[in-house]
Amino acid sequence: MKTATIGYPRVGTLRELKFASEKYFEGVLSKAELQDTAVLLRKTHWQMHINNGIDFIPSNDFSFYDNMLDTAVLLNVVPKRYSSLQLDPLEEYFAMARGYQGLNGDVKALVMKKWFNTNYHYIVPEIEDDTEISLVGTKPFDEFLEAKKMGIVSKPVIIGAFTFLKLARFTGNKTAIDFTKDIIVAYSEMLKKFNDLGAEWIQFDEPALIMDLTADDIALLKKIYGEILLAKDSTKLLLQSYFGDLRDCYQEVTTLPFDGIGLDFIEGNHSLELVKHFGFPADKTLFAGVVNGKNIWRNNYSQTLLILNELKKTRATIVLNTSCSLLHVPYTIKNEGFLTDEFKKHFAFAEEKMGELADLKKITASNTPAEITEYIKNTRLFQESRFCTDVSVQAAVSSLTPEDFVRHPAFHKREKIQKAVYNLPLLPTTTIGSFPQTAEVKAKRSVFKNGKITAKHYIKFNKEKIAECVALQEKIGLDVLVHGEFERNDMVEYFGECLNGFLFTQKAWVQSYGTRCVKPPIIWGDISRSQAMTVDYIVYAQSLTKKYMKGMLTGPVTILNWSFPREDISLQECALQIALAIRQEVLELEANGIKIIQIDEAALREKLPLRKSDWHCEYLDWAITAFRLVHSGVKAETQIHTHMCYSEFSDIIKDIDEMDADVITFEASRSDLVIIDVLNRCGFKTAVGPGVYDIHSPRIPGTEEIKEAILKMLKKIPREKLWVNPDCGLKTRGNAETIPSLQNLVDAAQEVRRSLQL
Ligand SMILES: CN1c2c(nc(N)[nH]c2=O)NC[C@@H]1CNc1ccc(C(=O)N[C@@H](CCC(=O)N[C@@H](CCC(=O)N[C@@H](CCC(=O)O)C(=O)O)C(=O)O)C(=O)O)cc1
Ligand SMILES: N[C@@H](CCS)C(=O)O
Ligand SMILES: [Zn+2]
């Protein structure tokens, strides 16, 4: 069996692309220097594939920001507000990704959304009525030729036409169907061009096919590929799915004349069943996603062989593949100096996963796989005990009763009590928690972590930052203050470091969006809290002001979803363990006089199963209850806030209300406040703070712009329920844009209060 990967990380083992891009944005690095970094990274990644003997090596998986954005540019899907800036192509590309504020104009960034059920974010292409989709770009061809120069006939990877149209946003009256003719022409030309360049295979990524599909979707799929496939010459076409199974279109896909079909046997719960039930055409190649592209635990070879043995029965050619792009895992375990081999041997990051593919190739080639050294070693690993249980934690979870998940008194009673206690102005202003993580803050943490300064020195520094932050917020005139989160490297990793049961890494970076990366902690064992994690800093921050200081925590579902989870216990069990630990922190904050506590559940929507039928049974029932467990023990007057980064929750609005928080803040500005209508229609009880400006972009929103957003919200949301805040935390921003943006926010809220005589 041959081996393949769907795509590879691109940010660089030491985040070279991040640093080069950020220097380019600052004007410190030239375009040519940025391109040099990109060339070197691509070369390195291809070489890694060669070193591991991978047969199908991807190209065009590289991106300066995001592959959906790359595809939009390739297809001439550039909204006029960007093309009219008259920037050079790379600048125009970054203007779409990050917004632009400069000599040529002032434009917001395109909408950014979660990439399926991952912590990666894509840029949403915007198709206007007069957009002319056509193949205008050259990136995939250039990168194919670049690989060819290294002697590699790579497998170009392109977002497929179906997924592109399904994820795009149509801003006028036209819909996907009005653009199919043009997109078919563009993709057919692409096929021809690759054929001329000598590509043996081309991979069209179609993750949208694993979602619930309507009859119209299936008709669209058949139309698109029925025609694109007519343009096929000798270059073979691989339809690659991932993040689930093709249960709604398996027969259509296997009937179309693709040369290869990529199926996910990790997240695709029905994939094996579909193959067994309907068969798989013996004349096609089955790219079998058997190595997990999302989690970092080692592959269990004996279990994988069971799947492969079933697949062999189809008599199709089988290629050993990852379940999705390796973009979602870190580069290599080799760089982890702090983890001992006892731990490391259980993990496989991107590079090690290629090693696993190579092992499986060797094992499957043998008539006596059980005698192959790699197989024996792997079997032993899975027989070993991992010493990761804590019986007291397990007992605490199993003794939970339904009453532990209910907060008293009920919402409306609490609302009245809190109104009387807090005496906040209408439209209270606040922020989401973090303030700019400046170079100074990161450098101080770095020297602390490297043992060059003492804990005492580090804590003193953080307290100085907190004091500055509190003074700044008072000066600006915000109503509810935050401590700024200067002590946190990340809102999840920080808690992972404080809690028992987690492992953390040094260089295991994974791209989240653009130049932003995260280092997800690893859930190794049962989770517990042995000491307070935030209380000292929050209590200190509260001591500096008469205003309310929000305690700031990350919720159990988000900690779980943004970590690498265990595979030996259920996600529900793990979420409840974390919930019990965070609950203790909530109660300790309350006992220390903190009246308002925010428990971020930024990632709650993210892991909602991609198919509606699985929402409740597989997720919401335990995710919402885990959150409720965290705050059900507080007093009526303690105000619980939560925050979600994305407003993509119209369809689970009742469940969000069921979280029973007192206030929820969320992203709304980058998605045109659509969510506000939904809140209005469904009689949402929780008070809301829909973000009035986008923090993912460096542009400074004007007071008028923010006033407009507030007034628009007030048309749909009762004034007693509306909070005014940015979209998300300010950690990625600099002080230069944060201070004027927040001042404009406060000025806007005050002007609205005056104008409406609130
Ligand atoms: C809110 N979001 C988050 C998501 N996921 C998370 N896990 N966390 C989030 O906050 N998902 C959705 C959204 C949007 N996504 C992100 C993702 C990442 C960031 C971000 O700001 N990332 C930072 C890295 C943060 C971090 O871990 N910092 C560390 C390390 C800092 C560092 O680079 N240190 C240098 C040394 C510095 C020196 O010596 O001067 C080094 O290690 O080499 C820390 O602060 O300690 C990023 O820069 O990408 C935001 C939103
Ligand atoms: N409290 C966090 C939430 C981000 S989603 C922050 O402000 O960064
Ligand atoms: Zn957020």
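Using N, Cα and C of the backbone, Cβ positions are placed for all residues, glycine too.
On a predicted model such as this, the values are computed, not experimentally measured, just so you know.
L-homocysteine binds Ile432, Gly433, Ser434, Glu485 as TrEMBL records it, and from the list Asp341, Asp600, Asp614 the residue named for this site is Asp600. With His643, Cys645, Glu667 listed by TrEMBL as binding Zn(2+), the candidate from Cys574, Cys617, Cys728 annotated for that site turns out to be Cys728. Just one of Trp46, Trp562, Trp615, Trp622 is listed by TrEMBL for the same 5-methyltetrahydropteroyltri-L-glutamate site as Arg15, Glu16, Leu17, Lys18, Lys114, Asn119, Arg516, Cys517, Glu606, and that one is Trp562. Put simply, of the binding-site residues Lys114, Arg516, Glu667, Cys728, the one whose Cα is nearest the Cα of Asp600 (L-methionine binding site) is Cys728. With respect to ligand 2, the recorded positions Trp562, Glu667, His696 contribute no residue with a C-beta closer than 6 angstroms to one of its atoms. The 6 Å Cβ screen around ligand 1 retains Trp562 from the binding-site residues Arg15, Lys114, Ile432, Gly433, Trp562, His643, ordered by sequence position. For the recorded L-methionine site, residues Ile432, Gly433, Ser434, Glu485, Asp600 set the reference point as the centre of their Cβ atoms, and the other residues of that chain within 8 Å of it by Cβ are Thr431, Val482, Met491, Met552, Gln598, His643, Cys728, Gly729, Lys731.
In this structure, the CA atom of Ile432 (L-methionine binding site) is 5 Å away from the CA atom of Cys728 (Zn(2+) binding site). Taking Cys645, His696, Cys728 as the candidate recorded positions, the subset whose CB lies under 6 angstroms from any atom of ligand 3 consists of Cys645, Cys728. Candidate binding-site residues: Ser434, His643, Cys645, Cys728. Nearest to Lys114 (5-methyltetrahydropteroyltri-L-glutamate binding site) by Cα distance: Cys645.
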